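Heads up: the structure comes next, in structure tokens.
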């Protein structure tokens, strides 16, 4: 299954009137989308007094990194950043491993009750911490994992959607490639690791990137499972701890940007893979 | 609960097959159970078990400590159906969904058409439209809370209006809708963009030869070719929107909005569970919510099947 995304090629076509109009429209709409982020950046470079001025203005009159420095010296933001990193990296690694294995198991192997199990897993598409919040919490509580890293991580590690995406992908891998290896005497596992996995790099990248984004940005589950400021992740700490001191807008915007910018930077570098990944997910979901 | 996961894994058939890692091309391969075992273990522990537990708890008066729960039959469900706050919360989530889904679908389509048809700088449009989606929900929520705050907020200032977005109940939900559009439209936009790029160019060329103008090409080629992706976008958005929580609580300081006008269903269940410690009651509401989500998902499956049949 190839993804039908064309990488933008530099075109040397002339500027027709319709292209000029469309480009101007594109610039205007982009400005609207970027404006809130730009506003947050500018505000983070104001003093707290200036950030709360009425009426507000876009650019700081006096540029200062005061809010950013205060953020580092007072809060646990460094802590939250590391927590976010640990949780997201572990969730992504676990999800990639178990979802790739399960997707392949469902796509290419036979065992009793496979159809029924697949149905059960698909029903998992409808379940999330938002749907099952309180029972999920009491389950995790019973396991003694409230206020722990694992309590934050493991419940994020059973996403039926990712299994489904990889299942669809593995179904599209030509069987002949595997058969040839079997004839040469390779076992099921060896075929999986040396032939199938290398072929699925784009799909695995898509699943990995989305899992990472979802986990980095996840608010609801960490919010439910911990209220220990030392264990909080970025989105969680910013929303709960920073808001509870009485809002200091410049600091809040600086903290928000710190939580948000890593992913935007990642997107700038991996744009092609991410766009291909969305396309791929979309094709699987149709 | 782990036994569930292991009964199928250690079934003798599977075990025998693992021992002989030989090829059985006709029958397929017998040790697939091991491939899915790790996922199933997590899935049973954190999806199936909580669901079953939720169903069980919904028939009890369990509190947060989990001790001394009594079986009370359908009382929780009966109470929920007569709880005006539950209906309010459900109404808020449904109203939000009704507002957001059509807006996101249309806006995502228009943005994709725009980005697809501009020949230069495709990466720039993609970056700009998609970037907000990469922000954590709480960060996006905080940004818009600040933009909407009367007096210090740049939203009213820039547009030259005085709308009390966060303090008047007739605007509060609209504020969440605007924030959500900005924050999440990028994902649907990328889906549409990919689908647009997947439409074979020869269709357009043939239509051009036949004298179809841009409007005809759009109505007779582009829109029909985007039907499947539109179905997917709508389905994903409905499921996500019904589960509204993050933006709504962050924009209103973890409160319930002016005159409780924005409290979504998820927030109400969590309040019952964690603030009132009524785990049984909260579980009953979770089960109700699950049924609603399942009905939506089944409706989509049913629509898809009907369409396939009528296409035959």
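Keep in mind that glycine also has a Cβ here, set from the backbone N, Cα and C atoms.
Curation plays no part in TrEMBL annotations; they are all automatic predictions.
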If I go by TrEMBL, the feature transmembrane segment sits on one of B:72-93, B:94-115. Which?
B:94-115
Please identify the range among B:34-52, B:53-71 that TrEMBL labels transmembrane segment.
B:34-52
Match it up for me: which of B:204-224, B:225-245 does TrEMBL list as transmembrane segment?
B:225-245
